[in-house]
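Quick look at what TrEMBL annotates:
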type	residues	note
TRANSMEM	12-29	transmembrane segment
TRANSMEM	35-56	transmembrane segment
TRANSMEM	77-97	transmembrane segment
TRANSMEM	103-120	transmembrane segment
TRANSMEM	140-160	transmembrane segment
TRANSMEM	166-188	transmembrane segment
TRANSMEM	200-218	transmembrane segment
TRANSMEM	224-241	transmembrane segment
TRANSMEM	253-273	transmembrane segment
TRANSMEM	285-308	transmembrane segment
Amino acid sequence: MNASRWAVPASYFSMVLGLTGLGNGWRVAARLWGMPAWIGESVMAVAVGVWAVLLVRFAIKWIAVRDEARAEAAHPILCCFIALVPVATMLAGIGVLPHAHGPGAVLIVAGAAASLLFGLWRHGGQWRGGRDDKATTPVLYLPTVGANLVSAIAMSALGWPSWGQLFFGAGVLAWIVQESIILSRLLTVDPLPPLLRPTVGIQMAPPAVALLAYAAVTVGPPDLIARMLLGYAIVQALMVLRLMPWIRQPFTLSYWAFTFGATAISTGTMRFAERGHDPVFATLAPVLFAMSNLVIAGLSIASVLWALRAKRAAAAASAPVAPAAG
């Protein structure tokens, strides 16, 4: 077996974020609008299955193709995608939790601990300086902002909202600081290389995931902070849409970077909508939920077609060449 063919980059775990985000959205929709509960559980089952396959293949990389794995960990941009591995593990735990509390809790706690350790290792190393401005992209949010906000959501799912509030504070404050750095790079340094432009989709995730995390660690109807987070998440989403003609690249799985923000904004809005009638959240919840479903459906279809093309290309490349006649 060619182990390198089975190894996957850490960025592929963004698929798990999008699928679990959609599954959580359908779980809320079942409570809020009486939608069929089996849809959310089915999406969650698919998400957990994708997570398990990717985790095995990511482990193969570290066992059998260690040089490739170490190169990814040392890369100034790609290294941050490794944060998606424990984040996806927490989200898989949330998916499992209603059906198997013990295993779900283990996945959540292990993922939260690994996220914290990786964030300390990665960002602690960056504090020593020497980072190239061109290596600063929205991917930088993942180890500290995204990881801590998902930890807040996961802790609340376990019934530990007070611990979740600690992670929420860490994630929001890291987001405020890092956004100024990332926007400064996007505004003042050379444009992102074409292959990295889809990562701009991550820019909408911090306020959207913060909205969902805020819903998870608080009680009561939406307040000023909830409306602020929703408003900024919508503005960021519109900004990403405005940049689509510039971002546009041939499809790869990197486009799944758009999905967690797209699903988090809808699920967060729905969670606040179910806490009592609020005209803003009640109006936007079904619209955002429909849009998140369209995003995931479109990317899922594109991913299947991409995988089929890649399989055909690999088969053609490995086919024996017939010797020339004569």
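Every residue gets a Cβ built from N, Cα and C, even glycine.
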Checklist entry - Taking residues 6+ outside the transmembrane segment (103-120), which of them lie with a CB under 8 Å of any CB in it? => result 82-83, 85-97, 143-144, 147-148, 150-151, 154-155, 157-158, 167
Item to check | Residues from the same chain, set at least six apart from the ends of the transmembrane segment (77-97), whose C-beta lies under 8 A from its own | outcome: 9-11, 13-14, 16-17, 20-21, 23-24, 44-45, 47-48, 51-52, 54-55, 58, 103-108, 110-115, 118-119, 122, 135, 137, 139-140, 142-143, 146-147, 150-151, 153-154, 157-158, 196
Checklist entry - Mind checking which residues reach the transmembrane segment (12-29)? Cβ under 8 Å, same chain, six or more beyond either end. => result 35, 37, 39-41, 43-44, 46-47, 50-51, 54, 58, 81, 84-85, 87-88, 91-92, 94-95, 253-254, 256-260, 262-264, 266-267, 270-271, 274, 289, 292-293, 295-296, 299, 303
Next on the checklist: Please tell me whether the transmembrane segment (200-218) and the transmembrane segment (285-308) touch - that is, whether there are at least 3 C-beta pairs under 8 Å between them, with each pair 6 or more apart in sequence.
Outcome noted: no
Checklist outcome for this item: Under 8 Å Cβ-Cβ from the transmembrane segment (166-188), and at least six residues away from its ends along the same chain, one finds 112, 133-134, 136-138, 140-141, 144-149, 151-152, 155, 200, 203, 206-207, 209-210, 213-214, 217
Checklist entry - Can you name the far-off residues of the same chain, 6+ from the ends of the transmembrane segment (285-308), with a Cβ under 8 Å from a Cβ of it? => result 15, 18-19, 21-22, 25, 29, 32-33, 251-253, 255-256, 258-259, 262-263, 265-267, 269-270, 273
